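See structure below.
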Amino acid sequence: MSKKDILTFDGGIHPVSDGKALSCNAPITAAPLLDKYRVLLSENVGKLPKPVVKAGDLVKKYQLIAEADGFVSANLHSPTSGKVTGIVDVPGPMGTLIPAIEIEADGQDEPCEPMPAIDWHKADVKELLKRTADAGLVGMGGAAFPTHVKLSPPPDKTIDTLILNGAECEPYLTADHRLMLEQPERVLEGAAISAKILNVKNVYIGVEANKIDAIEALGRRAAEFGIKVATLKVQYPQGSEKQLIMAITGRKVPTGGLPMDAGCVVQNVGTAAAMTDAVCRGIPLVERVTTITGEVVKNPGNWLLKIGTPVIKAIEFAGGVTAEPGKLILGGPMMGFAQKSFEVPVAKNTSGILLLPVELSMNYGSTGCIRCGRCVEGCPMNLIPCLLGNAVEAERFDLAAQNHVMDCLECGSCAYVCPAHRPLVQHMRRAKAEIRKRKK
Amino acid sequence: MNTVVLIAVVLMAVLGLALGVVIGWFAKLFRVETDSRVELVTELLPGANCGGCGKAGCSDFAKSVVAGENPPSKCPVSSSEQISAIAMALGIDAGESFQQRAVVCCGGDMEQTKRLLNYNGVLDCVSASLVAGGPKGCSYGCLGMGTCAHHCPFGAIEMINNLAVVHRELCVGCGNCVAACPRGVIKLVPADADVHIYCNSPAKGAAKKQVCNVPCIGCRKCAKFAPDKFTVNGFLAAVNYQAEAFPTAEDVSAVGCPTGALLTVEEHLKIEQNEPEWSAGKK
């Protein structure tokens, strides 16, 4: 492979140690059955679904337990068979208490009658979209945006490219890597179904060059589904939608716009795999591959976890911890969310459970900007993070808005490279929160 | 030599005179009509530019007073004498004066409320509230990083052991802290109310007790003692600020709040001097 074939975008960083070696060779293992699951009603995007079960109801695995409320919302299904013990408030991934349906497992894990399988080659788009919504599919990469909404763009936007996101640029995470390596046909078939729904011919699957085995596994089967495998440079944040579109198609998403403004739809590989299950086997989304990793985890690995598994139990599957963890993060170390409770349940978008050791989660203090410009070079959105940081420190949020702070991805490249250790991402997040508050 | 000096002096004098005439003429030509009353009212206002009246600053407020949009009493900083001076100068009605003070409805300082997250980011409450909803075990209480104190133009808020407390004698009730607090834990209350419920969490009593020593658990003891002075909404009691009479320090000791969420303003200032389990001694 020549250097020219490896695609990338401008800016970004190269993390020195990506921590993927901890778990990238661990095959996906199905997690043992627990006696209690708490399925969060909340998703990051959209309205909360309405529960359709009440305390005392007996449910089977795959049974609908909460119904989408409105278009931008997603169904929830029971991860196992058992009894609903009620709707309880549990700590959510963002630190607030959110309602969850608590299910006491009966140990049988007995599935209900599955939805009929659909032959997607013959089925029409409406039927496929309905199944996507019925199966409760959401984006499994991070934002948990309902997939049926993503796949039905407004009629005034022309979509000509579907990009499957298998970049997995976040350090430590290997869930998508293992999924592509072990079940390439599930990923590819899901991509082909999505392409049919969108009626596009150009389908790419973007994978970073550090996952050569996954690229080969996908490459062997990709042609029969009409999908092109794009090898991407190992560079963070390669897996961000806008950067991925830039790397693969060379198009730029306009400021404040969405991928569909550049004629693209980007979908996570996990979502594509779930799409195959939903359409070809009639199985709704109740489990996902999650990486449980970190230097203090005894046996880091990739697990097939049921939605609603408490994080503390998931860590026990991986053998527990070898030392006192400094921080618990859901997602990767760059863009994941720090947690204050180990009781938070695994949701449809929990791609990783990361336990960082104390020495990696310490604050070494920050000093003033030395005007080296490394953050400017690193910013994948071509912003000037040092200037934005100064504006926030002076509480000049108007100045930050003028300098496009709202385009910030919060990818953390600027803070990672800053030799003065300035907490730039946190400043950006504050600016965005303040600007949103003022717009209201 | 003398002639040179003479020429210079005469030249400068003539030049100065000519330019002075030009400037004077222009000043008359482009004179901006200002209302002398606005200047007068601005002089009489305290000049704190705190924004408590809802205007951009004191001179903006003066304009609105002269225009009759706001009564002089809308200024929270001025004393009643200053307000009547403004009203007298303009020959208008001073308006109903309603003095308010800020109160931080939380008693959870470093000892009283658990910290669940090892937060080591920016020391600012808005930033901290964006990381896992804040490091504190309670999602509704004071985060204790001093954003309100930083925004107070009068220096009325002191951070004691990571809890914001309001010095009532300095507070004017401008509301800058209320706008700055991401948790909404600061409230404006009538200035002569001495007793408040120092808890802001609507969570269930048992959940609050797990993370905090001094929550209001909604036991209704205060509401039973004086139903007109206290109201209980769910698991959170509140002082009825619409009532005829506010609760007094005697009422606080008579109620005997089992958790110590019911305090006088003075007691709240001294909260950090109490033992962590201080509520036990009060029973």
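Using N, Cα and C of the backbone, Cβ positions are placed for all residues, glycine too.
Annotation comment: TrEMBL describes A:358-389 as domain '4Fe-4S ferredoxin-type'. The feature [4Fe-4S] cluster 1 binding site is assigned by TrEMBL to A:Cys369, A:Cys372, A:Cys375, A:Cys418. The [4Fe-4S] cluster 2 binding site annotation in TrEMBL covers A:Cys379, A:Cys408, A:Cys411, A:Cys414.
Recorded features from TrEMBL, shown on the structure.
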residue  : record                          : DSSP class
A:Cys369 : [4Fe-4S] cluster 1 binding site : coil
A:Cys375 : [4Fe-4S] cluster 1 binding site : helix
A:Cys408 : [4Fe-4S] cluster 2 binding site : coil
A:Cys414 : [4Fe-4S] cluster 2 binding site : helix
- Spatial neighbours of A:Cys379 ([4Fe-4S] cluster 2 binding site) among the binding-site residues A:Cys369, A:Cys372, A:Cys418, using Cα within 10 Å, are none
- Note on the structure: Surrounding the recorded [4Fe-4S] cluster 2 site, with Cβ no more than 8 Å from the Cβ centroid of A:Cys379, A:Cys408, A:Cys411, A:Cys414 and those residues left out, we find A:Cys375, A:Gly378, A:Pro380, A:Met381, A:Leu383, A:Pro385, A:Leu409, A:Glu410, A:Gly412, A:Ser413, A:Leu424, A:Val425, A:Met428
- Note on the structure: For A:Cys408 ([4Fe-4S] cluster 2 binding site), the spatially nearest of the binding-site residues A:Cys369, A:Cys372, A:Cys375, A:Cys418, using Cα atoms, is A:Cys375
- Note on the structure: Listed in sequence order, the residues of the same chain lying six or more positions from A:Cys369 ([4Fe-4S] cluster 1 binding site) whose CB sits under 8 Å from its CB are A:Cys386, A:Gly389, A:Asn390, A:Ala420, A:Arg422
- Lowest local Cβ density among A:Cys411, A:Cys414, which the record lists as binding-site residues, within 10 Å: A:Cys411
- Query: Including all protein chains shown, what's the count of other C-beta atoms within 10 A of the C-beta of A:Cys372 ([4Fe-4S] cluster 1 binding site)?
  - Reply: 13
- Against chain B, with Cβ pairs under 8 Å, which of the binding-site residues A:Cys375, A:Cys379, A:Cys411, A:Cys418 show up? Give them in sequence order, please. none
- Between A:Cys418 ([4Fe-4S] cluster 1 binding site) and A:Cys411 ([4Fe-4S] cluster 2 binding site), what is the CA-CA distance rounded to a whole number of Å? 13
- Note on the structure: Counting across all protein chains, other CB atoms within 10 angstroms of the CB of A:Cys408 ([4Fe-4S] cluster 2 binding site) number 23
- Within 8 Å of the Cβ centre of A:Cys369, A:Cys372, A:Cys375, A:Cys418, which other residues of the chain have their Cβ, at the recorded [4Fe-4S] cluster 1 site? A:Ile370, A:Arg371, A:Gly373, A:Arg374, A:Pro385, A:Cys386, A:Cys414, A:Val417, A:Pro419, A:Ala420, A:Arg422, A:Leu424
- Item | Fewest-neighbour residue among binding-site residues, criterion Cβ within 10 Å, set A:Cys375, A:Cys418 | A:Cys418
- What mean pLDDT does the predicted model reach across the domain '4Fe-4S ferredoxin-type' (A:358-389)? 92
- Task: Would you mind reading off the Cα separation of A:Cys372 ([4Fe-4S] cluster 1 binding site) from A:Cys411 ([4Fe-4S] cluster 2 binding site), to the nearest angstrom?
- Result: 20
